[in-house]
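As written in TrEMBL, here are the features:
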ACT_SITE  116  active site, pros-phosphohistidine intermediate
BINDING   10, 58, 86, 92, 103, 113  ATP binding site
DOMAIN    2-139  domain 'Nucleoside diphosphate kinase-like'
Ligand code: DAT
Ligand code: MG
């Protein structure tokens, strides 16, 4: 089942020069980049993106963090891409994330955990719309790709 998911490389990914490393993992897995941009999230956008966390103890700190530096936003496509990306990211808290996952290999923090990935089809649809206009999402075929 082909799915699209929103992935963000968060401020610590840029600060730690891990952008290439993280994108490379997704590419090598076989996920297809169908949209990508660098942007600096506004407070307003951050509030929308993280609206489910409004009122939680870490909410203000999370908004400060996500707006502290530019980020890379991507839409990745592939078979069950939403859960595949979530598994590749690992648990939210880098301390608990399994080695071999992005957070497990590169983060020891619950907040500064490098990546965001949509957690469901509904979240993916909502989040992709927040970051990308329809015309920014490419429909194309990789040279070795077979459409079934
Ligand atoms: P995930 O990013 O794994 O989907 P989430 O949606 O529960 O995790 O939370 C969004 C972000 O909020 C998460 O990446 C880091 C931050 N966060 C979550 N729980 C936290 C906590 N207990 N303390 C500090 N930051 C937290
Ligand atoms: Mg989440």
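For all residues, glycine too, the Cβ spot is worked out from N, Cα and C.
Looking at 92, 113, the binding-site residues in this record, the fewest other C-beta atoms within 10 angstroms of the C-beta turn up around 92. Cβ packing within 10 Å was compared across the binding-site residues 10, 86, 103, and the lowest neighbour count falls to 86. Taken in sequence order, the binding-site residues 10, 86, 103, 113 that lie near ligand 1, meaning a CB under 6 Å from one of its atoms, are 113.
Largest Cα-Cα distance over the residues recorded as binding ATP, namely 10, 58, 86, 92, 103, 113, equals 21 Å. Spatially close to residue 58 (ATP binding site) yet at least six residues away along the chain are 110, 111, judged by Cβ distances under 8 angstroms. Across the domain 'Nucleoside diphosphate kinase-like' (2-139), the DSSP tally of helix, strand and coil residues reads 62 helix, 30 strand, 46 coil. For the pair formed by residue 86 (ATP binding site) and residue 116 (active site, pros-phosphohistidine intermediate), distance between Cα atoms is given as 8 Å, rounded to the nearest Å. Residues near the residue listed as 'active site, pros-phosphohistidine intermediate' in space but far in sequence (CB under 8 A, at least 6 apart, same chain), listed by position: 6, 7, 8, 10. Per-residue confidence over the domain 'Nucleoside diphosphate kinase-like' (2-139) averages 98 (mean pLDDT, predicted model).
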